[in-house]
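Scroll down for the structure; my scribbles are underneath it.
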């Protein structure tokens with residue numbers, strides 16, 4: 001049947017919309033999941049908006065590290081907003097549908113957000129390297145111009161990565177079935193529904209993902225190898241702890257990102273891939289954007305101090 005679909009795509013009915021099978025078909029479970037993911041989304045929006053407002057409001061946080069954190073929070077809002085609102089509507093809808101163009105657009109913005117986030121985290125690692133390993137030239141290495149270029153570069157890579165995969169996806173023909181065993185439009189489930197040859201698109205997807213993920217990971221790894229050696233050379237325990245504390249939040253966030261990616265690509269084929277794909281998708285597209293502001297606000301004294309100041313001003317105004 002699959003060979004027939006590949007041979008004669010033009011004789012088949014063109015699919016104009018996809019149906020999400022989602023996380024559950026049980027109505028009561030869907031209401032429960034709606035409540036859970038609504039709370040997660042509100043925390044994500046609230047946490048990241050607060051981080052952005054605090055950074056803008058406090059002049060002490062107008063430094064390269066917080067410049068990158070501001071943009072990371074913005075990307076996290078975008079990343080979460082690409083999938084969660086549509087997901088929430090589908091929990092309450094009888095027909096959980098999305099148009100083919102809408103699905104490809106959602107995929108584009110997911111790829112854009114994921115790649116941009118990875119490279120902003122790499123820029124943050126470089127910032128910590130410059131602060132700890134070469135503090136005398138820190139302001140020269142991390143000037144406003146260089147910081148803006150690093151963020152623009154992250155967005156440019158994200159756009160290129162998303163466009164590259166989207167262009168090849170637009171060439172696919174869908175003629176049925178139209179059910180996606182997922183809650184969002186990620187490329188691998190779409191490839192399984194195509195009536196046309198998907199080898200080229202699969203090669204592009206895996207090559208681009210491995211290339212950009214490897215570059216981002218290596219940039220972060222190299223920065224932290226230098227950071228670790230510099231910290232170990234600090235004689236006082238207090239100095240080492242202080243240097244490490246400036247990196248701890250970033251290390252946790254990077255660890256979450258790359259651990260999920262590692263598990264995604266090393267999971268055993270014997271385990272249900274649909275269930276694991278959904279779990280990993282929830283982790284990196286829904287939970288990580290929520291956890292990032294919590295990690296940075298709990299682990300960062302400067303952010304906590306700035307937040308208390310802002311809350312104090314709000315109380316005073318009332």
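Using the three backbone atoms N, Cα and C, a Cβ is placed for every residue, glycine included.
The feature domain 'G-protein coupled receptors family 1 profile' is assigned by TrEMBL to 47-296. Residues or ranges marked as transmembrane segment in TrEMBL: 31-55, 67-92, 98-126, 146-164, 209-231, 243-261, 281-298.
Distant neighbours of the transmembrane segment (31-55): 23-24, 61-62, 66-67, 69-70, 73-74, 76-77, 80-81, 84-85, 87-88, 91-92, 286-287, 289-290, 292-294, 296-297, 303, 306-307, 310; these residues of the same chain sit at least 6 beyond its ends, with a Cβ under 8 Å from one of its Cβ atoms.
Remote same-chain residues near the transmembrane segment (243-261) are listed as 65, 117-118, 121, 124-125, 128, 131-132, 213, 217, 220, 224, 227, 230-231, 234, 280, 283-284, 288, 291-292, 295-296, 299-300 (criterion: CB distance under 8 Å, separation of at least six residues from the stretch ends).
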